[in-house]
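**Q** Take this structure first; my questions come after.
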Amino acid sequence: MANTGPQDDQLAQSDSVGAGKHNRHHYGSCTAPDAQHPGGHQQLPNRAQSPSNSNTFNELCPYTETDPLLPNVHMPGSKVNEVMEKDPEDCSAQDGVREMPSESVRSMVLQILVPFLLAGLGTVSAGMLLDIVQHWEVFQRVTEIFILVPALLGLKGNLEMTLASRLSTAVNVGEMETAREKWSLIIGNLALKQMQATVLGLLAALAAVFLGWVLEGYMLLNHAALLCSASVTTAFLASLLQGIIMVGVIIGSKRIGINPDNVATPIAASFGDLITLAILACLSQGLYECIELYPYVSYLVCLFFLGLTPLWVVVSSRNPASRILLYTGWEPIITAMVISSIGGLILDTTVSDPNMVGMIVYTPVMNGIGGNLAAIQSSRIATDLYHHCPPRQVPEDRRSCYNPCRTFCGSGANHRSSQVLLLLVVPGHLIFLYTIHLMKGSTSPTPVFITFFLAVALLQVFTLLCIADWMIPCLWRMGKDPDSYSIPYLTALADLLGTALLVLAFFMLWLVGEQVPTGD
């Protein structure tokens, strides 16, 4: 969208300063000889002078986790070359030109609301589908699939939402201005995501096999192969489909002038749960029907997708930003998968409990909504830090001991967004509960059920927003990329907290003798 007049000049100046600052600070101590300003600030060599110069500099100065997603910000033709860089002395952002373009509360709510409702309807549909497929033969005979469900649904937080956050930050700091910049970044990250999805799918299956063996005391080899094949294939296909959707959303948001931080992460989750669960259910049932006559099919399918892994490694290693994540990006996503698997273990042990009848319908809604809201806040805070602060330095108000009041009390952009996100919990869940009632044809939820459900939902989102406000500056101070680290942790914690709190709510409902609404 085009701006005119003085406002256009101010926004252009602000964007260029943010991009220049982001480019300079993220190289840490890697400087060319005699590249110091008199004031002590480091000045980068012009990395766009020639491809050979850029490659030489890359070899001498390896990238770090907090480098820009597209290290060659100053590529020929990039708009950031048109404006000279300035040297901020700190990250306090007191100078007006350092501020990002202002965003009104009304604009923020309108941009967040539609993707939030779409994401909620997607999780409602996933819950309805899970309620149906839980009675399929494969889910009855191979119950370890329930352990897989949160881990595979959590991949949208590990991969899709993380990709959305990284690309949103790239857009906001001016790193996707030219076609070369854009497609270099997109192709490298998509290849990286496919490789990570394949590995995580296998690890999630192995975790499910181990936990199932611990619970049951045994595990059939054919069932283990089925879990591995279904998990790897589901992770690969769902990640590919959602990755393509994400790229379209980010590019579309950039073109129409919408802040992708507000829309990308919830849209990443809109139908992610439904797509993933549908693929998992159909593949598992199909592979289960082949066990008796063609037991080798599960092994061949799994080996095929694992065999593609070297291809994704080669493609992703050609982009400097995705290359560094090949080595440093595993800690958060593997840890998040383990946390989600614990939530899956809770789900597996309660799905057959008569006192928890109906809980499985609400689990994807509770987990998905909490993770979506936390991911939005995480993406916004990360963009703010990238725009204003050099690595390992945080604003003054983030250096003191954490206080939950700091998350919600204040007039800053991040304070306003946390207030808006928390206020969306009650009306959003009321809409989703009513939608479940209409789709399931159940009795109307009672006031007691609604009260317990909303109470645990508010507690979950409140806790996640506080964790995000504390975690992201800590990651930044440690030199970790918050776009790659925070969202996997937050969405995994949303799965674990949501499942545990929902079990607690249903247990309290059972204690007071309240009837949970179920289908006719």
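Every residue gets a Cβ built from N, Cα and C, even glycine.
I grabbed these lines from TrEMBL:
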- 1-16: compositional bias 'Polar residues' (COMPBIAS)
- 43-58: compositional bias 'Polar residues' (COMPBIAS)
- 149-282: domain 'SLC41A/MgtE integral membrane' (DOMAIN)
- 363-504: domain 'SLC41A/MgtE integral membrane' (DOMAIN)
- 1-63: region 'Disordered' (REGION)
- 108-130: transmembrane segment (TRANSMEM)
- 197-215: transmembrane segment (TRANSMEM)
- 221-251: transmembrane segment (TRANSMEM)
- 263-287: transmembrane segment (TRANSMEM)
- 293-315: transmembrane segment (TRANSMEM)
- 324-347: transmembrane segment (TRANSMEM)
- 359-376: transmembrane segment (TRANSMEM)
- 420-436: transmembrane segment (TRANSMEM)
- 448-468: transmembrane segment (TRANSMEM)
- 489-512: transmembrane segment (TRANSMEM)
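I'd like to know what surrounds each of these features in this structure.
**A** Residue counts for the domain 'SLC41A/MgtE integral membrane' (149-282) under DSSP, helix first, then strand, then coil, are 119 helix, 0 strand, 15 coil.
Here the transmembrane segment (197-215) has long-range neighbours at 143-145, 147-148, 151-152, 155, 158-159, 224, 227-228, 230-236, 238-240, 302, 305-306, 308-309, 312, 333-334, 337-338, 341, 344-345, 348-349, meaning same-chain residues at least 6 beyond its ends whose C-beta is under 8 angstroms from one of its own.
Under 8 Å from some Cβ of the transmembrane segment (221-251) lie the Cβ atoms of residues 138, 141-142, 144-145, 148, 152, 155-156, 159-160, 163-164, 167-168, 171, 176, 182, 186, 190, 193-194, 197-198, 200-202, 204-206, 208-209, 260, 263-264, 267-268, 272, 275-276, 279-280, 283-284, 287-288, 291, 295, 297-299, 301-302, 305-306, 308, all in the same chain and six or more residues away from its ends.
Nonlocal intrachain contacts for the transmembrane segment (324-347), taken as residues 6+ away from its ends with a CB within less than 8 angstroms of a stretch CB, comprise 62-65, 67, 146-151, 153-154, 157-159, 162, 192, 195-196, 200, 203-204, 207-208, 211, 215, 313, 316-317, 360, 363, 367, 484-486, 488-489, 491-493, 495-496, 498-500, 503.
Sequence-remote contacts of a segment are chain residues at least 6 beyond its ends whose Cβ falls under 8 Å from one of its Cβ atoms, and for the transmembrane segment (448-468) they are 362, 366, 369-371, 373-374, 377-378, 381, 404, 407-408, 418, 421-422, 425-426, 429-430, 433, 486, 490, 493-494, 497-498, 501-502, 504-505, 508-509, 512, 514, 516-517.
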**Q** Give the residue counts of the domain 'SLC41A/MgtE integral membrane' (363-504) per reduced DSSP state, in the order helix, strand, coil.
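**A** Secondary-structure composition of the domain 'SLC41A/MgtE integral membrane' (363-504): 115 helix, 0 strand, 27 coil.
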